[in-house]
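Pulled from Swiss-Prot:
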type: MOD_RES; residues: Gly2; note: N-acetylglycine
type: CARBOHYD; residues: Arg4; note: (Microbial infection) N-beta-linked (GlcNAc) arginine
type: BINDING; residues: 20-26, 37-38, Ser40, 42-43, Gly69, 124-125, Asp127, 155-156; note: GTP binding site
type: MOTIF; residues: 36-47; note: motif 'Switch 1'
type: MOTIF; residues: 67-86; note: motif 'Switch 2'
type: LIPID; residues: Cys212; note: S-geranylgeranyl cysteine
type: LIPID; residues: Cys213; note: S-geranylgeranyl cysteine
Amino acid sequence: MGTRDDEYDYLFKVVLIGDSGVGKSNLLSRFTRNEFNLESKSTIGVEFATRSIQVDGKTIKAQIWDTAGQERYRAITSAYYRGAVGALLVYDIAKHLTYENVERWLKELRDHADSNIVIMLVGNKSDLRHLRAVPTDEARAFAEKNGLSFIETSALDSTNVEAAFQTILTEIYRIVSQKQMSDRRENDMSPSNNVVPIHVPPTTENKPKVQCCQNI
């Protein structure tokens, strides 16, 4: 049973990055609306869509942002990355140049996004296996070397699209919830929370002194 879109426990912003034409918009539409458009044109500017999933009984609302990979849209970079807690870095398994550019996209992401952002490398268009130009093992090794998770997907036939988003959102949730638990523990152990106020009656030194020998 689905939840109302305005009822959620966590809201996570996830960005899609990578060269134009690698299938970012179709990954977004496949996950959020279960749609695929063969005539999909390059995204102009920025668009985002939302979908909620359940993790550990909590409702996670994913706000997934998509933008064109072409150089002329670079001006939106800072606003695009601001507040993002996850990123899918997408390349086309049938176009090696889109994989070569992953390193540049990763640098831009790390220059502009939060240092703790969760990143997944996504080899899209796995249905084009007969045209494969990027070996799976090569991409997986790159991901491991750079601390990224890795998956191959096909927005066309839906392969691993659900798994990609579920995996990154679950990882973000684990990190956020662990941080919340850690923060609570620190608060519980902080000196201010262990102080028991003690009322100390005024000592004789603090009592007002009675002046004597007046009016003599």
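One is the number of the first residue shown, and numbering goes on along the chain from there.
Keep in mind that glycine also has a Cβ here, set from the backbone N, Cα and C atoms.
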Fewest Cβ neighbours within 10 Å, where candidates are the binding-site residues Gly23, Asp127: Asp127
For the motif 'Switch 2' (67-86), mean pLDDT (0 to 100): 73
Fewest-neighbour residue among binding-site residues, criterion Cβ within 10 Å, set Ser20, Asn26: Ser20
Where Asn26 (GTP binding site) sits in the secondary structure, as DSSP reduces it to three classes: helix
DSSP-derived class (H/G/I helix, E/B strand, else coil) of Ser20 (GTP binding site): coil
